Structure formats: C-alpha cells, structure tokens
Amino acid sequence: MTGSLLKIEGLTKAYPGVVANDGVGFEVAPGEVHALLGENGAGKSTLVKMIYGLVKPDAGRMTFQGRPYTPAEPRAARAAGVAMVFQHFSLFEALNVAENVALGMENPPPMGDLAERIRAISTAYGLPLDPARTVGDLSAGERQRVEIIRCLLQDPKLLIMDEPTSVLTPQEVEILFHTLRKLAAEGTAILYISHKLEEIRSLCDGATILRGGKVVASCIPREKSARELAELMVGGEFAATDRAGRVSGATILEVDHLNLPPMTQFGPALKNVSFSLAAGEVLGIGGVAGNGQEELLATLSGERPSGAGTVSLHGQDISDLGPNDRRRLGLLAAPEERLGHAAVPNLSLTENAILTGTVRRPLTRNGFLNMGAARRFAEEIIKGFDVRTPGPHVAARALSGGNLQKFVIGREVLQSPEVLVVNQPTWGVDAAAAAAIRQSLLDLAAKGAAVIVISQDLDELMEIADRFCALNEGRLSEPRPTEGLTMEEIGLMLGGAHGMQEAAL
Amino acid sequence: MITLIKRPTPSRFWSFTTPVLAVIATMIAGGVLFSILGKDPVQAIKVIFWDPLLGPNAAYFRGQLLVKAGPLILIAAGLAVGFRAGIWNIGAEGQYIMGALAGASVALAAYPAESHWLFPAMVVAGALGGWIWGMIPAVLKVLFGTSEILVSLMLVYVAQNFLAWAAFGPLKNPEGYGFPGSRNLQQYPSAHNPELFAGTGMHWGVVAALIAVIATYVLMQRHIAGFRIRVAGEAPRAARFAGVLPANLVMFCLGLSGALAGLAGMFEVSGPSGQITDSFNAGYGFTAIIVAFLGRLNAIGILLAGLLMALTYIGGDMAQLMLGLPTAAIQVFQGMLLFFLLGFDLLTHYRLRLGKGSK
Ligand SMILES: Nc1ncnc2c1ncn2[C@@H]1O[C@H](COP(=O)(O)OP(=O)(O)OP(=O)(O)O)[C@@H](O)[C@H]1O
Ligand SMILES: [Mg+2]
C-alpha cells in the first residue's frame with residue numbers, strides 16, 4: 001500500500017460537557033480496510049461524521065488524495081469520493097429499490113437505466129438485489145444492500161460503514177464481507193466501525209483505537225486476539241460472564257396459543273406462540289429481527305393487548321392489562337429501538353427515567369413528579385451501568401448509541417423485575433459493556449427473576465440462556481435446554497428460512 | 001446561500017428570544033405596511049402598543065385589556081395542553097359559543113328567580129357545553145379515526161348556526177320589542193358576572209384564566225399526566241410503552257380544551273357582553289390558537305401572549321378609530337405576529353449558516 005488516501009491530523013470536536021474527539025490523527029491507504037475501535041462514546045461516530053461532512057470539526061486538518069479536505073456537507077463529501085452507510089437506514093418502505101436509490105441521487109438517470117445499473121453492480125459485487133422489489137418486504141440485510149449500492153453507484157474512493165453488521169444474520173455478514181474484500185481489492189478504502197471484534201480480525205488490515213476521544217493505539221487486528229483488542233479499548237482487563245449458581249423455580253410467565261395480526265403493513269403476524277418461563281431462568285429467543293421479535297415484545301410489555309388467556313403471570317391472566325399494570329406486577333420490558341420507543345430523544349435522562357420508572361420506584365407523590373428522586377434514579381442508572389455522559393440533564397439523543405442502550409437496560413434492571421423481556425440488549429454496545437449487560441441479566445436471574453432475551457446474536461444466547469428457541473416468521477419453536485445443544489440442532493430450530501440454517505452450521 | 005443545521009438540543013436562549021424578536025419584526029413590517037397605506041408608521045405603532053397602556057385615555061383601556069385577554073388566555077391554556085400532545089383542536093370558537101349558550105340557557109330558564117346557586121350552575125353548564133362540543137371530534141376520532149382538525153373546525157359553523165337559531169328563537173328576549181337577542185344578563189343580578197374591582201376589567205372569567213394558567217402549568221411541568229402528554233407529542237411509541245392509551249389522551253385533551261373554551265364563552269355572555277346575539281362570538285377561539293403558539297405552548301408564556309394579543313386588539317381598534325386604518329390592515333398586522341413567530345422559531349431548532357452551497 002503506497003501513500004495515503006485520507007490523512008487526518010489533530011481533529012477535535014467538543015460537545016457541551018464532553019470532548020468527543022481530541023486531537024485525533026490517523027491515515028488510511030487506498031484499498032485498505034481500516035477499523036475504528038473503541039468503547040461506547042469513544043467518539044467513533046463523531047469522527048466519521050466529520051469525515052462525511054455531517055459535523056464540523058472545531059480544529060484539525062484532513063487531507064484527501066493529497067489535497068486539503070474540508071467538506072461543508074455530505075454532498076461535498078460525496079463529490080470528493082467519500083460515501084457512508086449509516087446504521088439506521090433512510091429508506092421509504094412503500095417504494096421499490098430503484099426508486100429509493102433514485103431519491104438519494106442528485107441527478108437520477110431514467111428508471112430503466114438505473115434499474116439496469118443496480119442489477120449490474122449487484123451482480124458484480126455479489127449483492128443479490130432485485131431493483132423492482134418493495135423495500136418494505138426486504139430483510140435488514142437486503143435493506144443495507146440498497147444503501148451500499150446507493151454508495152457504490154457514486155464510485156467512491158472511501159466507503160465509511162458505521163456498525164453495519166449489528167442487524168445482519170451471519171450469512172448476510174459473509175456476503176457483506178465478500179463484497180467489501182472485493183471493493184478493497186479494486187482500491188476502494190473502507191473505514192469500518194464495529195463492536196464485533198472477531199469480524200474485525202477477519203476483515204480489517206489496520207485499526208485505530210479510540211478511548212475518551214483520543215487515539216490510544218493502532219495495530220494490525222489479525223495479530224491480536226479479540227480479548228487483547230477489547231483490553232486495548234478499555235485500557236484494562238475485563239471479566240467474563242459468570243453464570244454460576246442458578247436454580248430455576250416455579251413457573252412465572254405463561255404464554256399460551258398467542259395469535260396476533262401484523263402491527264404494520266409489512267410486519268409479520270404472531271402464529272400460535274406458546275412457552276412458559278420459570279423463576280431464575282433465562283430464555284433465549286433467536287432468529288432474524290423482523291420475524292415477530294418486536295411484536296412479541298409489544299405483547300409481553302402490554303403495548304398490544306392480546307386475546308384473553310394468552311398471557312398469564314403467576315397464574316393470573318394479564319392479557320388485557322396495559323404496560324403500567326404489568327409493571328406493577330413485576331413484568332418489565334426493554335424494546336430494541338432506543339430512540340423514540342425505549343427512550344424519548346428530546347427529553348433528558350432524568351425524564352427518561354420517569355418514562356417507565358414511576359410504577360415501581362417512588363418517583364411520584366399523588367401523581368406529582370418528584371424530580372429530585374427521578375434525578376437520583378437516573379444517576380443510579382448512570383453509575384450502575386457505566387453510562388458515559390456528562391449527567392442526567394443531558395437529552396437522550398446526545399448520548400452515543402451504546403451508552404443509551406446501557407441506560408435503557410439499566411433502567412429496567414434496577415427496578416428489580418420479576419420478569420424482564422429485552423430485545424437485542426447489546427445491540428451497538430462495546431464488548432466490555434456487553435459483557436456487563438449480560439452479567440446484569442444473569443445476576444437478575446440468580447436473584448430469582450425470569451429473563452427473556454430476544455437476540456440475533458447466537459453466541460450471546462448460548463452464553464447466557466438456559467433454554468433456547470427460535471422465532472421465525474411469527475412462529476416460535478419448542479424451547480430446548482442450551483446445554484448440549486449442537487449448532488446443527490440450532491440451525492434446524494431456526495427453520496432454514498433466510499438461509500439461517502447454512503449460516504449456523 | 002443560507003443552510004440550516006439542526007441543533008442537537010433546542011436552544012433555550014432562542015426559545016425565549018424569538019417571541020421578542022417576532023414582536024419587533026411585526027412592528028417593523030407593520031410600520032412599512034401602514035406607511036404604504038399613507039399613515040405615519042411611528043404614530044400607528046404608538047397608537048397600537050403605547051396609548052392603550054399609557055396614553056391619555058389609558059385608564060379606560062387598561063380595563064379593556066383584561067376583559068379581552070381573559071378569554072384568550074383561558075382558551076389558549078386548554079388548547080396548549082392538546083397541542084403539546086399533537087392533538088389539534090381548531091374549533092375552540094365553536095366550543096366557546098356552546099359554552100355561552102349552555103350558561104345563558106340555564107340563567108334564562110331560571111329568570112327571574114334570584115339564587116346564590118345560579119351563577120355556579122351556569123359555570124358548570126358553560127364548561128359542560130364546551131366539553132360536549134369538544135368531545136364530538138374526540139369520540140369520532142377514537143371510533144372512526146376522523147381528523148379532529150376538520151371535525152372541530154366544521155363544528156364551529158354548526159355552533160354558529162345554533163347561536164343564530166337560539167338568538168332569534170328560544171332564547172329571544174320576550175320583552176325585546178322583536179329585536180333578536182336574549183335578555184341582558186347584566187341586569188339579572190344572580191346571573192351577572194360583574195367587574196370585581198371597578199376600572200380593572202377583572203371579572204370571574206379573568207380569575208378563571210389565572211387559575212387555568214397555574215393549573216395547566218402545574219399539570220404540564222409537575223404532574224405525571226402532563227409528562228405523559230408531553231411524551232405523546234414527542235414520541236408516540238414511547239408514550240404507548242409508558243402506558244398512555246391514545247384514546248384516553250384524545251378525549252382528555254379535547255375535553256379539557258373544550259371545557260375551558262366553554263367557560264370562557266359563559267363568562268363572556270354573563271359579563272362583558274351580557275346577552276346572546278347572533279354575532280356574539282368575536283373570534284376569541286381562533287385568536288387563542290395564535291396566543292397558544294405565541295406563548296410557546298407554555299402556561300406562563302400564554303399569560304404574556306394573551307395580554308400582548310389583547311393589546312393589539314385594543315390598539316387596533318384605536319388605530320381604526322383615530323387614524324382610519326382599515327380593519328383588514330389590523331388583521332394583517334395580527335397575522336404577521338404569528339408569521340414572524342413561526343419564522344423565527346426555526347432558530348430554536350436550527351442554526352443558520354451563511355456560506356456557499358456547492359453549485
Ligand atoms: N449531538 C451531540 N450532542 C452532545 N454530545 C454528543 C453528541 N453526539 C455525540 N455526543 C457525545 O460525544 C461522545 C462521542 O459520541 P459518539 O457517538 O461519537 O460515540 P461512539 O464511539 O460512536 O459510541 P457508540 O459505540 O456507542 O456508538 C459521547 O460522549 C456522546 O455523548
Ligand atoms: Mg456510534
């Protein structure tokens with residue numbers, strides 16, 4: 001690799017109360033796959049947003065292809081040859097793939113030509129995608145392909161990907177990596193952010209490690225173990241989860257022949273879902289997101305009432321109780337979508353603690369808010385779950401993705417639930433914090449609570465769950481003990497749909 | 001070229017500054033308008049903003065200030081609660097009429113009996129009249145998903161026809177020599193809503209407005225119900241997760257704003273206006289929407305905005321009288337206020353950046 005494509009020196013960006021990037025410098029060569037590593041809130045997203053012209057640096061210099069580079073907005077960055085795929089997709093569900101791609105272009109060619117080019121690129125890079133399909137019908141991985149193809153149409157020199165794999169199945173990850181390697185071989189540099197260290201070890205040529213906004217190390221990921229990488233990120237050692245000392249007790253939660261129509265036009269229906277859950281037990285529900293995971297959480301949390309007799313807690317039918325009545329009985333939930341569902345972006349962390357905390361915590365007196373108590377509760381969550389933020393007065397949307405996730409999980413765990421349902425609990429959370437979250441779920445179970453973990457991450461489920469089942473197209477397989485479960489059996493449970501079977505094998 | 005950049009958190013500074021800026025910009029643009037119409041702009045602005053408070057005849061106008069501001073604040077306080085939740089009651093004018101009709105009907109049915117219970121009964125009837133009129137769009141929205149904006153607005157015209165029918169029919173004064181309009185409640189002691197302190201313009205409706213300001217402030221800032229209303233406006237899914245039932249929210253917000261508008265109508269018909277006529281309503285219900293936004297949907301802001309709006313009403317009347325400005329010009333002037341407010345409002349959520357756009 002000769003010369004550098006992108007060179008960054010002394011890049012600094014401060015937000016109120018935090019310096020998100022502090023004198024950051026590194027180089028990316030053409031054709032290099034370069035990883036940005038760091039804990040939640042280390043400043044990775046802020047850094048790439050500056051490169052993509054979304055955030056203006058306070059100080060520092062960038063050089064791109066040997067020329068000074070100061071993108072005022074994403075359009076300027078794109079014109080210079082920088083493209084970015086965001087973690088959250090900006091696609092219109094009701095439009096088809098080609099229309100969505102056209103909407104993102106400054107001068108879209110005629111639809112026919114565009115569809116042709118999409119087809120050409122998608123075959124050239126091994127990203128199967130039909131331009132005529134409606135986006136609402138696509139899986140998360142396919143949606144991401146739309147975003148990637150949208151980038152590739154601009155023939156970028158540098159492609160930035162911020163946590164691209166957290167929503168993908170293992171098989172989709174393989175396809176993505178294949179494409180990225182091909183792109184790199186053709187000379188496109190890739191700046192890659194992920195918390196999945198094994199992926200980084202297999203994909204990336206170099207890595208820059210950020211901590212507290214500063215570059216603390218750079219290394220060649222292949223030459224380090226995942227554990228070493230994680231320790232470079234936190235600057236110390238971190239503990240593995242400990243699942244010792246759990247005995248399951250009596251049945252707490254029972255779901256019986258639960259059927260539900262789809263919530264949205266493109267959503268799946270729940271079909272005949274039945275399972276039961278004992279005290280002290282962790283039930284892992286695997287499967288690709290979008291197969292009824294959100295729907296299942298909504299019916300358990302009480303956001304969507306279900307038919308009489310379908311959900312019961314301690315033998316009491318709670319199917320028609322709302323979220324707060326269920327909280328009172330000890331059934332708590334943490335949805336996967338952090339902004340706008342689990343938390344309100346524009347409200348402070350104190351107010352977000354009030355959002356679900358009033359039933360089990362004395363945050364109100366005769367309906368009047370006790371702001372002091374709410375602030376103390378928020379501070380307790382921040383402290384207990386190591387949420388990196390200047391304080392509880394900060395708006396939820398100013399937190400980094402992983403830190404808000406820690407806050408959301410912490411808020412529910414600290415309310416001592418009897419049953420806790422979490423969906424993608426470590427989505428976007430760094431390795432050390434993910435271990436801490438998993439440990440807190442295990443501790444909860446050790447204290448006698450029942451925990452349901454809905455996750456796409458099979459390793460995570462194998463690590464903490466006592467029993468495992470899979471949710472596929474709204475159907476739930478029979479739960480089986482995780483101990484002694486082979487990958488082959490898991491693959492069969494996942495039902496073969498979406499190619500999960502091969503992937504799991 | 002100017003580009004807009006979204007602020008990570010809305011600016012507190014600008015949320016307090018924009019109303020002041022909007023008033024100043026309205027004065028400037030209004031001045032230009034008045035000078036095009038051939039009037040001295042400085043004189044016109046002085047007549048509108050200064051004379052009602054501190055001019056030679058201010059003693060009379062100061063009383064008018066509370067009389068006009070009272071209903072505006074009372075209605076806007078209720079509307080703001082719904083607006084915060086994203087529930088758009090545009091029909092306060094109709095609820096105001098129905099409250100006045102309900103209150104006056106109770107009084108006229110009791111006439112000429114005198115009782116201490118009559119006025120409280122009228123208060124209840126007024127609130128109920130407005131509440132029912134507000135609940136119609138609420139129930140239709142909950143049951144059939146109709147737009148509360150359209151239904152509440154259409155019901156204004158229904159209410160207006162009701163008013164005309166009542167003024168010419170059942171509520172007509174039998175001793176009124178055939179003139180349309182009801183008996184004058186100012187001459188019916190038990191039903192009269194009098195000026196409480198001579199010369200201040202303070203009547204029970206103004207008291208109610210102050211109570212409403214304090215109550216909605218406490219509700220929105222200190223009570224869990226107000227918190228949930230705010231969450232519902234910000235993030236509907238999070239609100240459902242927090243246990244808010246959308247149907248209850250719609251009924252609460254439309255019911256509350258309807259009841260407060262009905263009260264405003266009742267206090268008006270039993271006080272400053274005195275009688276039901278076919279032209280009883282004076283647009284308070286619509287102006288209150290402006291007041292609610294001018295006050296940033298915040299109770300204290302609404303108090304100030306209501307006073308300011310009342311001032312432009314009185315000042316506008318004076319400018320018509322003394323300078324011969326056309327009514328339309330005054331209305332344009334009032335419209336400018338909302339226009340500039342919403343325009344400058346951008347600054348609370350966005351930062352302006354001057355610079356070259358690419359191409
Ligand atoms: N718009 C903003 N306003 C205020 N603070 C912000 C804003 N965006 C980011 N921050 C802060 O800057 C720091 C870095 O955030 P950033 O999103 O870059 O982290 P990250 O490394 O991407 O973390 P994660 O892995 O959790 O996504 C955090 O402390 C965050 O709270
Ligand atoms: Mg990030």
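Glycine is no exception: its Cβ is also placed from the backbone N, Cα and C atoms.
Annotated transmembrane segment per TrEMBL: B:12-38, B:58-83, B:95-111, B:117-140, B:149-168, B:202-220, B:241-264, B:284-311, B:323-344, in sequence order.
Counting same-chain residues at least six beyond the ends of the transmembrane segment (B:284-311), those with a Cβ under 8 angstroms from any Cβ of the stretch are 15, 19, 22-23, 48-49, 52-53, 64-66, 68-73, 75-77, 79-80, 83-84, 90-96, 156, 209-210, 213-214, 216-217, 220, 261, 264, 268, 334, 337-338, 341-342. Residues 51-52, 89, 92, 96, 195, 199-203, 205-206, 208-210, 212-213, 215-216, 219-220, 226, 229, 233, 253-254, 256-261, 263-265, 267-268, 272, 284-285, 287-289, 291-293, 295, 297-299, 302-303, 305-307, 309-311, 313-314, 318 of the same chain lie 6 or more positions beyond the ends of the transmembrane segment (B:58-83) yet place their CB under 8 Å from a CB of it.
When Cβ-Cβ distances under 8 Å to the transmembrane segment (B:323-344) are tallied for each of B:12-38, B:95-111, B:202-220, B:241-264, the top count falls to B:12-38.
Counting only same-chain residues 6+ beyond the ends of the transmembrane segment (B:241-264), those with a CB under 8 A from a CB of the stretch are 70-71, 74-75, 77-79, 81-82, 85, 87, 89, 92-93, 95-96, 98-100, 102-103, 123, 126-135, 137-139, 141-142, 148, 152, 205, 208-209, 212, 225, 228-229, 231-232, 284-285, 288. A Cβ distance under 8 Å defines the sequence-distant neighbours of the transmembrane segment (B:149-168), meaning residues of its chain 6+ beyond its ends; these are 88-95, 97-98, 100-101, 105, 133-134, 136-137, 140-141, 180-182, 254, 276-278, 280-281, 285. Among residues of the same chain six or more beyond the transmembrane segment (B:95-111), those with a C-beta under 8 A of the stretch's C-beta atoms are 71, 75, 89, 118, 121-123, 125-134, 156, 159-160, 162-163, 166, 171, 182-183, 185, 188, 190-191, 257-259, 261-266, 268-270, 275-276, 280-281, 284-285.
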